[in-house]
Protein chains: 2
Amino acid sequence: MEPSSSNSMQTDHCLEKAPMEVHQVAPPPHRSTIQKLKSRLKETFFPDDPLRQFKGQPLEKKWMLAAQYIFPILQWGPNYSFKLFKSDFVSGLTIASLAIPQGISYAKLASLPPIVGLYSSFVPPLVYAVLGSSRDLAVGPVSIASLILGSMLRQEVSPTSDPLLFLQLAFSSTLFAGLFQASLGLLRLGFIIDFLSKATLIGFMAGAAIIVSLQQLKSLLGITHFTKQMELVSVLSSVFHHTNEWSWQTILMGFCFLVFLLLARHVSMKKPRLFWVSAGAPLVSVILSTILVFAFKAQRQGISVIGKLQEGLNPPSWNMLHFHGSYLGLVVKTGLVTGIISLTEGIAVGRTFAALKNYQVDGNKEMMAIGLMNVIGSTTSCYVTTGAFSRSAVNHNAGAKTAVSNIIMSVTVMMALLFLMPLFQYTPDVVLGAIIVTAVIGLVDIQAACQIWKIDKFDFLVMLCAFFGVIFVSVESGLAIAVGISLFKILLQVTRPKTVILGNIPGTDIFRNLHHYKEAMRIPGFVILRIEAPINFANTTYLKERTLRWIDEYETEEGTKKQSSIHFLILDLSSVSSIDTSGVSFLKDLKKTLENTGTELVLVNPVGEVLQKLQRADNDRDMTRPGTLFLTIGEAVAALSSTMKGQSSSYV
Amino acid sequence: MEPSSSNSMQTDHCLEKAPMEVHQVAPPPHRSTIQKLKSRLKETFFPDDPLRQFKGQPLEKKWMLAAQYIFPILQWGPNYSFKLFKSDFVSGLTIASLAIPQGISYAKLASLPPIVGLYSSFVPPLVYAVLGSSRDLAVGPVSIASLILGSMLRQEVSPTSDPLLFLQLAFSSTLFAGLFQASLGLLRLGFIIDFLSKATLIGFMAGAAIIVSLQQLKSLLGITHFTKQMELVSVLSSVFHHTNEWSWQTILMGFCFLVFLLLARHVSMKKPRLFWVSAGAPLVSVILSTILVFAFKAQRQGISVIGKLQEGLNPPSWNMLHFHGSYLGLVVKTGLVTGIISLTEGIAVGRTFAALKNYQVDGNKEMMAIGLMNVIGSTTSCYVTTGAFSRSAVNHNAGAKTAVSNIIMSVTVMMALLFLMPLFQYTPDVVLGAIIVTAVIGLVDIQAACQIWKIDKFDFLVMLCAFFGVIFVSVESGLAIAVGISLFKILLQVTRPKTVILGNIPGTDIFRNLHHYKEAMRIPGFVILRIEAPINFANTTYLKERTLRWIDEYETEEGTKKQSSIHFLILDLSSVSSIDTSGVSFLKDLKKTLENTGTELVLVNPVGEVLQKLQRADNDRDMTRPGTLFLTIGEAVAALSSTMKGQSSSYV
């Protein structure tokens with residue numbers, strides 16, 4: 001790097017290096033309003049251009065592509081081989097062994113009959129196998145959606161005193177969740193789930209895991225009179241107000257199985273090859289504990305059991321959907337919240353594993369698949385389902401190649417429904433509690449939280465808000481607070497856009513942030529300011545105040561308070577991606593204000609849209625004539641410095 | 001411009017021009033989290049740095065500056081001269097002649113006793129003269145705030161059947177409006193009013209003007225049974241359902257005075273020197289019409305008159321403030337809406353005239369002044385007041401130099417309150433209606449609407465929504481819809497940021513939008529992409545899809561579908577002003593995805609904050625090592641082209 005010499009020399013040097021030819025800022029190619037609107041709509045709703053592959057194909061091929069687009073099974077089905085089937089068969093059986101106990105547990109978490117959890121592990125996976133485009137997603141009920149569904153419905157209807165109504169509302173909520181999910185995909189509004197940022201989700205998941213685990217204290221301690229509230233304080237006070245109900249047999253059994261399950265989980269995490277240890281552990285626990293209870297007649301010692309489950313496949317439930325009366329609002333709201341939460345989980349899981357195996361998952365298509373799965377589910381006695389993270393991980397580790405593993409799982413669950421139901425009669429609730437705790441503990445991701453703290457403090461704050469909101473207020477509020485804060489941050493960024501003073505890096509045409517690059521130097525007589533956001537109604541007032549302050553500070557720093565010290569304010573508009581009428585007025589006002597102090601406003605490199613709007617507003621061609629509009633800062637400085645020298649006598 | 005030759009030649013040419021020395025991307029100077037937080041808070045809440053002038057001053061001077069800051073009158077007071085007073089005296093009398101009839105009319109618009117309008121033109125101007133920093137603002141009741149106050153309170157309380165309660169609620173709303181305004185200023189949250197964009201305001205004002213004018217049909221046609229609704233359809237149906245109540249005497253009188261007032265307005269608009277014609281016309285109309293009614297005993301012919309007004313100054317009203325019971329919500333809501341609307345008007349008017357005379361108005365300080373003015377007003381029988389556009393324009397044209405013109409106006413109104421009240425007894429309502437119509441007609445700004453259509457179609461849509469919302473639904477809904485759409489546009493811009501493919505302008509180091517500058521050319525083997533927004537949770541999914549599509553389209557355009565055609569994706573991050581954890585993951589994911597297709601991700605010119613976060617997340621220094629991080633696109637292309645040539649055998 002050259003030794004820095006005096007300012008004026010640098011300027012001269014820069015001038016010598018600058019290309020002699022000054023480039024014009026050309027207006028962008030003309031497009032009509034309709035064309036602009038069309039391309040804007042395409043960018044907004046079809047960023048992935050799903051119809052691209054249809055272009056230039058013969059009609060027959062187009063039909064086939066369309067069918068493959070709607071039913072991805074037609075894409076991979078024809079090439080399906082026995083080798084793939086072997087992998088899918090193993091992984092299908094593995095996730096079935098996880099799905100059966102988890103299905104029963106999660107249904108209990110949602111205050112639904114345990115059998116509904118098994119129903120929900122039978123039909124939806126079949127639907128997803130036909131419609132879904134992820135190869136790793138294992139579909140079924142999940143903990144968080146179950147928790148939210150149960151807690152929201154319990155606010156108005158008691159599952160113990162009116163179980164039929166509760167079930168009806170659960171199916172209706174599932175229908176609305178499915179309709180909502182499918183329409184998000186159909187209307188290509190999938191970006192709505194993007195507003196749940198990673199930080200929000202990490203905080204939310206951890207909070208929900210704790211809430212779910214706390215709920216399991218009921219079965220783990222054998223308490224019979226348990227609070228209906230979800231948040232930390234009332235659950236803990238309920239636990240310690242009913243110490244007389246604690247049952248040592250239940251606690252002992254729960255402790256043993258919890259340790260067993262956690263150990264199995266630990267082993268599989270240390271050695272991913274041993275994935276089957278943690279995958280099989282829940283089923284082993286269920287079988288073992290059922291035998292124990294049956295052998296020792298332990299249900300008479302105060303260990304509560306599931307009880308009789310009805311044999312047979314899913315009964316139809318379209319006659320149980322509930323569209324009228326006072327519960328419609330509740331059902332729609334519950335459907336909306338569980339729909340968006342389960343969608344977020346499903347899409348995130350699908351994308352994670354797609355990235356691992358390097359294939360693409362089309363978000364909007366997935367939404368339609370998950371939505372349809374829930375719509376069909378709601379008519380066949382299933383409640384909200386989606387792609388579960390823990391089960392999909394097992395599926396992936398077990399070597400699943402296609403959605404056929406979901407079919408295998410579904411068939412296995414069907415067998416269980418047809419023939420194994422009597423065996424679950426003596427399964428103790430405490431083991432189900434232990435299974436849930438082990439499943440949700442993985443949702444507390446401390447490592448990710450640390451990483452967020454390291455990278456972005458504000459995201460960490462959002463995460464904490466979601467976490468504590470869920471724990472201390474309610475699941476929905478925690479989520480709402482976190483989304484609210486994230487949106488507020490975005491709005492703040494728009495209202496307070498960054499402005500940066502640029503300096504020249506000696507010996508080059510490069511202009512960079514003066515407060516970042518130490519070698520960057522001011523050019524006397526110029527203030528070079530870069531605005532790093534669209535200029536719009538929400539920030540013009542700020543930008544005006546801030547710009548005038550930059551000029552003022554510059555003058556103060558220079559130590560000269562005379563007006564003539566700044567001849568030109570160069571605004572680098574490269575990063576201003578759009579402008580509105582308020583923004584145009586801001587630039588016009590700024591020009592006028594500056595002219596009164598003898599400073600000229602010079603614009604550099606406005607993008608096409610901005611340039612067009614400025615030209616349309618600038619009737620007397622005052623801002624967009626060649627002398628005040630340049631393509632690069634370097635050219636502007638070079639051209640204006642020469643003017644300045646010619647006129648210098650009039651300024652000083 | 002050079003004739004364009006083959007691509008490879010251009011690249012070589014570019015390489016020769018590129019500086020041999022490659023500049024390092026330096027990390028920004030270290031700042032602690034506290035320092036960053038401090039500077040962020042300062043940028044957010046104190047962009048104008050109000051304490052700057054205090055720096056380095058002796059203590060005594062600091063006290064004086066503080067006093068001057070709080071009471072701007074101390075700033076200009078000591079230099080006040082007789083010459084200034086002469087100007088202020090003339091303009092004060094002029095606006096008083098406008099304020100008296102307008103005060104009475106606007107109070108009637110708000111369903112308040114006419115005398116309250118005069119009270120509100122006496123105390124608030126005095127308060128503003130001491131606290132306000134605008135030299136042109138003429139303070140008093142305004143049409144839109146009066147309209148909203150009246151219409152919101154009328155929804156729950158009838159001003160005819162319970163006038164005392166109505167008055168109490170009006171004063172209480174004024175108090176809350178004042179408190180809200182003052183606290184916005186105190187908490188430096190002034191940017192909240194920025195969310196009412198210029199387009200929204202133009203549509204809103206025009207709609208409100210029409211609503212206000214329609215309300216005047218009551219007095220202009222002499223109808224006694226008039227609807228309480230505000231929106232177009234019910235008002236018109238009410239007008240045409242009561243044709244039997246139309247009074248020809250009233251209509252004739254109204255028509256004559258309306259023509260007279262509109263003519264006066266027209267004259268003043270054509271020749272600004274004749275500002276006194278339109279300024280004096282309302283008072284002349286009032287006097288003339290009062291004499292006419294008195295002379296012809298016209299009140300007996302069905303021309304309704306104001307009636308007896310009580311003589312004397314403002315009675316105290318703190319005992320009438322109403323904080324309890326079922327109306328508290330209504331009062332707070334009304335205060336909030338009228339507060340924000342009147343604040344917006346006051347600040348906008350202040351800024352407009354400050355820009356004309358080239359002085360600064362401090363938004364947050366003005367908010368405190370207007371807020372305190374309303375708080376004090378609410379205890380002295382005044383309702384919501386602010387700086388009125390029409391009266392301030394007259395004030396400015398009449399040559400007002402300082403806030404003394406407000407004092408003169410106030411004193412004149414005081415005189416009227418003390419001695420002239422009996423004279424207004426026979427003033428007909430129809431003239432007040434004509435005065436209001438003439439005053440609000442100026443709010444319909446068709447020229448500005450055309451300008452908005454020319455510059456920005458979306459802003460035009462926002463304007464139309466505000467306009468039709470106000471006319472057909474309600475004043476608050478119109479405003480809410482317009483603000484909602486504006487915010488949605490901002491969020492859409494954040495969710496769907498612009499990405500631009502850059503090309504090299506031959507013979508230079510300049511890279512510009514390939515689809516804007518025809519001379520810009522691709523560089524074989526490179527895709528150069530510029531992201532023009534902060535990368536955050538709301539747009540990472542979109543950005544990934546869009547980036548992959550850009551690459552795909554590029555490959556399709558090139559006609560070569562082999563993987564090796566693109567060796568480098570250069571991401572120009574100059575315009576990415578910030579990034580969050582989701583954004584960091586996006587870049588990491590993108591790098592991994594691209595590596596699988598043999599393309600390397602290269603970052604160019606990340607700003608300080610973005611660079612720091614990338615470095616913190618990039619444990620294995622994969623993204624931020626010199627070979628994948630450059631200061632300019634030109635240097636990146638130059639450096640990487642040479643690698644490409646060296647390795648080309650391995651690629652092809």
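Just so you know, glycine gets a Cβ as well, placed from its N, Cα and C.
Where the annotation comes from TrEMBL, it is an automatic prediction and has not been curated.
Feature annotation from TrEMBL assigns domain 'STAS' to B:516-640. The transmembrane segment annotation in TrEMBL covers B:112-130, B:165-187, B:199-217, B:246-263, B:275-296, B:367-390, B:402-424, B:430-448, B:460-488.
Beyond the ends of the transmembrane segment (B:402-424), by six or more residues, the same chain brings 73, 76, 80, 84-85, 87-89, 91-93, 95-96, 99-100, 103-104, 114-115, 118-119, 121-123, 125-126, 128-130, 132, 134-135, 137-140, 286, 290, 306, 308-314, 395 to within a C-beta distance below 8 angstroms of the stretch.
A contact links the transmembrane segment (B:246-263) to the transmembrane segment (B:430-448), because at least 3 Cβ pairs that are 6 or more residues apart lie under 8 A. Taken together, the residues of the domain 'STAS' (B:516-640) have an average pLDDT of 84. Most Cβ pairs within less than 8 Å of the transmembrane segment (B:460-488), among stretches B:112-130, B:165-187, B:199-217, B:275-296, belong to B:199-217. The transmembrane segment (B:430-448) shares more Cβ pairs under 8 Å with B:199-217 than with any other stretch in the list B:112-130, B:165-187, B:199-217, B:275-296, B:367-390. Using a Cβ-Cβ cut-off under 8 Å and counting only residues 6 or more beyond its ends in the same chain, the transmembrane segment (B:199-217) has close neighbours at 109, 143-144, 147, 223, 226, 230-232, 235-236, 239, 344, 348, 433-434, 436-437, 440-441, 443-445, 448-449, 452, 456, 459-460, 462-471, 475, 478-479, 482-483, 486.
It is B:367-390 that, among the stretches B:112-130, B:275-296, B:367-390, forms the most Cβ pairs under 8 Å with the transmembrane segment (B:165-187). With DSSP states grouped into helix (H, G, I), strand (E, B) and coil, the domain 'STAS' (B:516-640) comes out at 59 helix, 21 strand, 45 coil.
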